[in-house]
Amino acid sequence: MNRYTTIKQLGDGTYGSVLLGRSIESGELIAIKKMKRKFYSWEECMNLREVKSLKKLNHANIVKLKEVIRENDHLYFIFEYMKENLYQLIKERNKLFPESAIRNIMYQILQGLAFIHKHGFFHRDLKPENLLCMGPELVKIADFGLAREIRSRPPYTDYVSTRWYRAPEVLLRSTNYSSPIDIWAVGCIMAEVYTLRPLFPGASEIDTIFKICQVLGTPKKTDWPEGYQLSSAMNFLWPQCIPNNLKTLIPNASSEAIQLLRDLLQWDPKKRPTASQALRYPYFQIGHPLGIISKDSGKPQREVQDKTGPPPYIKPAPPAQAPAKAYTLISSRPSQASQPPQHSVHPYKGDVSRTEQLSHVQEGKPSPPFFPSLHNKNLQPKILASLEQKNGEIKPKSRRRWGLISRSTKGSDDWADLDDLDFSPSLTRIDVKNKKRQSDDTLCRFESVLDLKPSESVGTGTTVSTQASSQRRDTPTLQSSAKQHYLKHSRYLPGINIRNGVLPNPGKDFLPSNSWSSSGLSGKSSGTVSVVSKITSVGSGSASSSGLTGSYIPSFLKKEIGSVMQRVQLAPLAAPPPGYSSLKAVRPHPGRPFFHTQPRSTPGLIPRPPAAQPVHGRIDWSSKYPSRR
């Protein structure tokens, strides 16, 4: 020890203390670990696990044991000096680590751990204090005092590792554990590096199990039968907890990090990945092209594809969010090339990109820069036919120009990305056809509501809208059912005053449709009234596409109009009005309803007293529908 000088004490542990020293010959800083117990022979020293393991382990991410010195029955280990440990690095942080730094730290830990496990050892005491650092750029595993050989025989001691990083099989006093306990500790350390707080800070072993259950949820007996055997052996009752989403606990972690963390923290040690398997997770795959494959790299895949046949058709799962704009990928936007579409019509399972998949189907043809489905003549009719069956309508031929996008998922603003392309003529034709179809659909819907056309004839719209409208007609609300009931059993229906043979004339005194807003009616009822006014004006002799003539009395005069609650009186059947040309307009009185009518004076009936003013908001049904005599 006369070749080294001690500077200060760095720390004190269970089995020894660590001093900072310097080599007199080279001036290099070193860490001197002085064991507390005395050793009286070299054979006794060489039997130490730390010496046995570190003699065989030489790796960039494992702290290097430079020398072993026994002097005056005291044993000294000379290690390379590292500035700090991971616990100190976490404690000194006042903000979260960037994910690139965390990925670098975890990669080095798993690299060193894979080397340890490969050489037949497992650490048994992984924690941030035993991971020595030179900043976040360099991390090394240290303190192999509890390390054991994997091939050594159990039983092992059940108090190994610090409680917060102890695997559940060790917490349940298992004596038959192995290297997966190191993988569990790595998962706990990874979560702590992300959040700067321990994931399972239990005050005792049982409290630590409770903390684990609160995060991961109570394991099922089928998921980990050995754990239930261990718990029953120590009379431990599992707390009933539901799992928490790790993304909510660690919001700054990416989805790849959550995937790795979830697998590292599996209850069953057999389901945890090994350290070498964890290094192959997507979390550590950096710099690989996302969705962009060169021609050279695509050749072997194409040959394999030709031998094995085309990939199977996989039905896409419905997206959780609104479907993204599909096939708006344009060569002028290279930044979007790495993002696959979330709602594609024919996704295939695999690592090849969408462009290469289409090139396989096209038997080696070069893929187009955009809209790959334009050149796909074989798949296009089949997929379009299936889409037409799903949507229940026949698409215009010009719609095929945009390939495999269903009409139901295409919004009106989805063509914004195509402004710079020369598709204006076909777009104009499609807009005209769509407007015409929409106007026809609107007219058919109004005619079916007004009973000018049977409901089965509404077939030009989509099947969904037809079903929805028929469902609304078949299952009316309670309010509309009441109206239909009373209107069906009364002789007084809205729209006509039979005393003077009067029908409202929209050309003169009929109020505009927007005046219904003052009466509290919805926009739908006002639109219906405006349509009624149009059809009424048709009856006065103007030309109409619906083909109504002057002598035709439409059936909407016998039904309710929108949500209007007013009533009218029918003319006697013996003397019908000669025509609509002799009808006069009804001028609504201020403060009275629009379709106000006067009672018919019939000889032989007692004259009706004036109706009392109803309470505001209520309908006086007794005055509106008196009993028949």
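Heads up, the Cβ atoms here are built off N, Cα and C, so glycines get one too.
Here is what Swiss-Prot says about this protein:
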ACT_SITE  Asp125  active site, proton acceptor
BINDING   Leu10, Gly11, Asp12, Gly13, Thr14, Tyr15, Gly16, Ser17, Val18, Lys33  ATP binding site
MOD_RES   Tyr159  phosphotyrosine
MOD_RES   Ser161  phosphoserine
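Overlay of Swiss-Prot annotations on the structure.
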{"residue": "Leu10", "record": "ATP binding site", "DSSP (3 states)": "strand"}
{"residue": "Gly16", "record": "ATP binding site", "DSSP (3 states)": "strand"}
{"residue": "Asp125", "record": "active site, proton acceptor", "DSSP (3 states)": "coil"}
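Close to the recorded ATP site, the chain also has Lys34: residues not among Leu10, Gly11, Asp12, Gly13, Thr14, Tyr15, Gly16, Ser17, Val18, Lys33 whose Cβ is within 8 Å of the site's Cβ mean position. Put simply, the residue listed as 'active site, proton acceptor' is 17 Å from Val18 (ATP binding site) when counted between their Cα atoms. Asp12 (ATP binding site) and Asp125 (active site, proton acceptor) have their C-alpha atoms 16 Å apart, to the nearest angstrom.
The 10 Å shell around the Cβ of Thr14 (ATP binding site) contains 8 further Cβ atoms across the protein chains shown. A 10 Å cutoff on Cβ-Cβ distances gives Asp12 (ATP binding site) a total of 9 other Cβ atoms nearby, all chains included.
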